[in-house]
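What TrEMBL says about this protein:
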ACT_SITE  Asp2  active site, charge relay system
ACT_SITE  His38  active site, charge relay system
ACT_SITE  Ser245  active site, charge relay system
DOMAIN    1-294  domain 'Peptidase S8/S53'
Amino acid sequence: MDSGVDTSHQELDSNYKFTSDSYLTYQSRSPTTDEKRHGTHVSAIAVGDKDGSGMHGVAFDSQLFFISIELSDPPDDYEPAVIDQTVDYTAVDSSWSQLEDYFIQRNVTVVNGSFGYQGNINEYTEENLRYAFPLTIAVMAQANKADADKTIFVWSAGNGGAYADQGVDYSSPEVFAGMAYLLPELQGNSVAVVSVDSAGEISYFSNRCGVSEDYCIAAPGSSIYSAYAQDSPMNNQYASWSGTSMAAPHVSGGIALLADYFRDQLGNTEILERLFITADKTGIYEDSSIYGQGLMDLDAATSPVGQTMVLTMSHLGIKSFPAFSTSLSSFGPAIGDAWVNQLSREFAVFDQLGAPFFNQLDSTYFNPRNSVEWLSYKYTNPTFRTKEIEKDLSSGTSLTLGLNVLGYGEHKFSPTLWARDEQKMRYFSLRKDLSDKTYYFVGSGLSPSLYFSNNIKKVGQRKIFGRSDLSSPYMAFGEDGSFLGGAVSFSEKATLTASFFSGNHADMAMFKRKTDNQGLVLELQSNLENSIFSVQTGLLTEASGMLGSSFDGGYGSLEESLTYFSGLNALISWKKVNASGSLFVGQTKPKLNETGIISGLEDLSSSSFNFTLFAKELFNKKDSIGLRISQPLRLENGGVYFSIPTGRKPNKEIIFDKYRSDLSPSGRQVDLELIYRTSAKYGSFYSRLGVTKDEGHFKREGVESFFETVFEIPLH
């Protein structure tokens, strides 16, 4: 609301800059070009277009509902308005109340009032203001509206300082700007604005905040460059003006900017409160008698205040988790990109004032950081490998050791940049016969897989493919741990083996160790003439995990997951050729300790398979060759229920996007590889060739090939 506006000025001529129902003329005539200049200058400060020319307003994308009113120029001599029962303000009050009501009925966010009656608010009483403007006060108070929906009124504090030589008291705002001091019903949605100069100090001409310090703020108002109205066709002129009239639209524009920045999710009175709280109150701005709440700081107002939180309940402050602790992570191949595919959405976090800030869910997904212990170990021992040694200690007692050895040309006599690791043993396992039909076994640093699926007899295959590749993938979740088990033979053809194990997945060695997983496995093995078949079943309990995944903070948390697994193994031998295969399936039942963004999980199913052909003594007595096709453990299907906070309503109710989604990776990794190994007196040769489809269970175009050849020649 101002004296008029030049809608053709290049700062104000964009489409829809003004609402179609704006009042651009007076009741009986159109404003002159001179009368349009004040309103044009003020309007451009608040909402001038950002078009690369001239200047732009604070809220350059905002729209104006404009009402033209006839205003007079400030007099040469300061003339405080007389507001008491000696003057009849009935007609003025009726007119002002109707004008202000136009804004309120249209649910306008903020009204800028760069005008007012002269006179320090301290010179008036609540009684006289209520006598003179009862209708206007009632309209502005908006008693029938929730605080969140109330229109904010921004007033220029007045330029009484320019009349200081006349003895004018400018220690507090003028009438309209200071009304909130005397009228409690206006205190949440009315603000006075004082002016600061280019140095950030109070402008000499500006009234101070004074008694209205709680409802007053400072903004630039000296030599403000903005649009200047001229006669048509000129529409690109500018001028620098000073006054609290120029400071007020900075605040009005700031309020409009915050409304847009927070996607109209903050209540209007919240926005004003946020401007007050985030205003600069340091240094000279500590003096609230001059600067009130401080200097408006839109950078601070659009930044989180305090710690941001993820909310999991319907209203602010009921249940929340720090955003920095909200994370979802996974290791190992089973999950693939199943989680990643679910995290392409946006979610909202909220600062201490309840304002929403928006991030992508995938920003919360990460692979856990490498632990200091693991980094130190790899740094000091870059070429360690593990050599497996099997030794019979006595009749019926055997020992399996995994020893750390130096490799790739480095030996203990050569100089090295790396510190030596004194820990030589990586893992061990001991088997002890109790009778010709029973034995027990213990171990540490590995899972009990050595004693299942006939792995104890697959020495050649273990050297080529590795021990873990020939056993149940579910036992791999206790690979870095310990176990205790035993076996009993019912006959020459049937053996029952059982083991308890506790530990973590080997892939977790590089991360901070968490609570050990625990499991129990049983296997019934049948030995025929040239073949061995076994059936395996067991259960795995993951502490705070689910097939290698875990989540915390705003996601909620897993108490544990229980996986029931079973599998079939077969080994068929013919002369020097072995054919072996395995198929494992599992059913995982996750148990949530606390719900959040993840509000529920269905049972998950998973599987793996492996088929291997292995031959030895193909070209010489010490060579072996293997062909294998396999699929690592893969999550086959399952469901996850999300309740994602996506924002809020002005009444502070949190908005959630709730839905169910399938949890399965996009691809299926299948590996085909051919491995040849031979050794001689002067060294050894190892070569590996293969192709992989959908590595990591990520859907990919085509296949990826890999090739590796290693020659080892001892130097001593």
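Every residue, even glycine, has its Cβ placed from backbone N, Cα and C.
This view paints the features noted in TrEMBL onto the structure.
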residue : record                           : DSSP (3 states)
Asp2    : active site, charge relay system : strand
His38   : active site, charge relay system : helix
Ser245  : active site, charge relay system : helix
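If you measure from the Cα atom of His38 (active site, charge relay system) to that of Asp2 (active site, charge relay system), you get 7 Å. Residues belonging to the domain 'Peptidase S8/S53' (1-294) score a mean pLDDT of 97 in the model. Counting only same-chain residues six or more apart in sequence, the Cβ atoms lying under 8 angstroms from the Cβ of Ser245 (active site, charge relay system) belong to His38, Val42, Ser114, Phe115, Ser156, Asn159, Gly221. Taking the Cβ of Asp2 (active site, charge relay system) as reference, residues of its chain lying under 8 Å away and at least six apart in sequence are, in sequence order, His38, Gly39, Val42, Ser43, Phe66, Ser68, Ile69, Leu71, Asn112, Ser114, Phe115. Cβ neighbour count for His38 (active site, charge relay system) (all protein chains, 10 Å cutoff from its Cβ): 23.
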